[in-house]
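Engineer: Features from TrEMBL:
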- LYS57: 1D-myo-inositol 1,3,4,6-tetrakisphosphate binding site (BINDING)
- ASP283, ASP297: Mg(2+) 1 binding site (BINDING)
- 351-360: compositional bias 'Basic and acidic residues' (COMPBIAS)
- 7-97: domain 'Inositol-tetrakisphosphate 1-kinase N-terminal' (DOMAIN)
- 119-318: domain 'Inositol 1,3,4-trisphosphate 5/6-kinase ATP-grasp' (DOMAIN)
- 325-360: region 'Disordered' (REGION)
Amino acid sequence: MDNNQRVIGYWISEKKKQKFNWEDFQNVCAKNGFELKMINVNANLESQGPFHVFLHKLTDTLALAESGDQNARAIITRIQGYIRKHPELIVIDPLENVRNLRNRHKSYEIIHNGIQLKDVFTPNFVELKSKYVSENLTLLITNNVKFPFLCKRLVAHGCSDAHKKCFQMMVIFNEKGLKDCQLPCVAQNFVNHNAILYKVFIVGEKFHVVERPSLKNFYQKDCESLNTIFFNSQDISKSGSNSKWSVISDEEAALRVKPNFKTFEKIVKRITKIFGLVLVGVDVVIENHTERYAIIDINAFPGYDGYPHFFDHLVNTIEKLMADQKSSKQNSRSAGIKKWPSDDLDSGFESDEKKKQSMT
Ligand SMILES: O=P(O)(O)O[C@@H]1[C@@H](OP(=O)(O)O)[C@H](OP(=O)(O)O)[C@H](O)[C@H](OP(=O)(O)O)[C@H]1OP(=O)(O)O
Ligand SMILES: Nc1ncnc2c1ncn2[C@@H]1O[C@H](COP(=O)(O)OP(=O)(O)O)[C@@H](O)[C@H]1O
Ligand SMILES: [Mg+2]
Ligand SMILES: [Mg+2]
């Protein structure tokens with residue numbers, strides 16, 4: 001190996017690697033003077049290095065580790081140890097920041113407290129865990145969550161269930177349906193949005209928005225007549241999804257509004273800043289009538305399906321993080337302080353004013 005070559009060590013699942021056409025990434029890296037090296041997370045990392053960058057999607061392993069799985073714990077401990085020992089390593093993304101997305105309630109709370117944009121919100125939500133329907137009803141009322149609402153599994157990822165049961169969600173229409181909530185869950189107000197979801201795929205300071213199918217509108221009369229709808233979240237908003245729960249009338253479709261680029265730009269700035277993530281996806285729907293933007297889901301290192309030049313943007317972002325690190329090291333050397341991106345949520349990014357986001 002050329003001693004000057006910069007090495008990106010990575011770990012992502014075989015399935016994800018195939019979806020991404022990883023060979024193309026290898027070529028883009030080589031063109032830009034990076035070696036791409038798969039890390040064996042089950043073995044000592046020191047002997048596999050040195051690495052300049054660590055790129056990963058370890059959401060499932062993090063979730064397993066938190067649920068007590070010994071092998072997953074060993075992997076996370078090994079990786080954390082390596083990161084700690086190599087403070088110069090650029091980690092995409094820091095494990096503690098990715099961990100913030102594991103619990104949906106926690107990530108909604110972070111958005112609710114941090115987004116602070118007048119035309120953007122996260123629908124009212126509350127965590128339900130009681131086996132007593134009456135207790136849950138009280139919580140819903142106290143937190144202003146109304147029928148219909150979505151019942152979402154509390155843990156956002158880490159689905160190793162072969163039957164994909166963990167992707168099951170419910171739309172609950174009335175008190176009778178409360179017994180259908182699978183606990184623990186987050187109940188979140190249903191936002192009517194004419195069945196269009198916007199997937200905002202972010203790569204550092206760049207982003208790209210794709211339109212996807214979503215759930216239909218529900219009205220007051222539905223709360224009187226409908227039983228709980230159970231659906232698999234994976235069947236609703238993939239490109240090419242064609243669920244019966246996405247069908248709306250021509251009149252409703254005619255009311256769809258053109259999304260505003262500037263609003264997405266503002267969302268991207270805030271989300272990357274408050275979560276401290278480089279690779280992140282935001283699911284947004286535009287509320288009928290008010291035209292406010294509702295953030296309904298945040299995903300670490302999502303699929304990026306439909307994102308043009310993803311690998312180029314990723315490599316450019318890595319270059320930028322390396323350059324920022326170099327200059328902040330020089331600055332702190334002169335100021336006598338040490339500052340490193342993963343210690344602070346603003347890290348790796350310029351100030352809002354200076355930052356120039358672009359929609360690809
Ligand atoms: O399977 P893909 O390519 O659609 O990507 C999934 C994402 O779909 P999206 O790109 O947003 O349409 C998906 O996003 P949603 O939660 O479906 O909105 C998740 O990010 C999923 O990762 P995880 O299982 O939650 O850790 C992602 O799964 P992995 O590819 O990371 O396994
Ligand atoms: N608050 C909401 N109002 C209306 N529809 C929603 C809401 N939350 C989720 N949905 C619909 O349910 C789908 C799955 O929900 P989401 O929170 O994105 O879960 P997942 O992490 O499984 O993608 C979304 O793609 C969207 O179609
Ligand atoms: Mg989603
Ligand atoms: Mg999700």
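Just so it is clear, glycine is given a Cβ too, placed from its N, Cα and C backbone atoms.
Here the structure is a predicted model, which means the values were calculated and not measured.
Can you walk me through where each of these features ends up in the structure?
Structural biologist: In the three-state DSSP reading, LYS57 (1D-myo-inositol 1,3,4,6-tetrakisphosphate binding site) counts as coil.
DSSP assigns ASP283 (Mg(2+) 1 binding site) to a strand segment in the three-state reduction. Around the Cβ of ASP283 (Mg(2+) 1 binding site), the number of neighbouring Cβ atoms within 10 Å comes to 18.
The DSSP breakdown of the domain 'Inositol-tetrakisphosphate 1-kinase N-terminal' (7-97) into helical (H, G, I), extended (E, B) and coil residues amounts to 47 helix, 17 strand, 27 coil.
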Engineer: By a simple count, how many Cβ atoms lie within 10 Å of the Cβ of ASP297 (Mg(2+) 1 binding site), its own Cβ left out?
Structural biologist: 22
Engineer: What whole-number Å value do you get for the CA-CA distance of ASP283 (Mg(2+) 1 binding site) and LYS57 (1D-myo-inositol 1,3,4,6-tetrakisphosphate binding site)?
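Structural biologist: The Cα atom of ASP283 (Mg(2+) 1 binding site) is 19 Å away from the Cα atom of LYS57 (1D-myo-inositol 1,3,4,6-tetrakisphosphate binding site).
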Engineer: Going through the binding-site residues LYS57, ASP283, ASP297 in sequence order, which have a CB under 6 Å from an atom of ligand 3?
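Structural biologist: Passing the 6 Å Cβ check against ligand 3: ASP283, ASP297.
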Engineer: If one looks at the chain holding LYS57 (1D-myo-inositol 1,3,4,6-tetrakisphosphate binding site), which residues at least 6 apart in sequence have a CB under 8 angstroms from its CB?
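Structural biologist: Within the chain, LYS57 (1D-myo-inositol 1,3,4,6-tetrakisphosphate binding site) has Cβ neighbours under 8 Å at TRP11, ILE12, SER13, LYS16, ALA300, PHE301.
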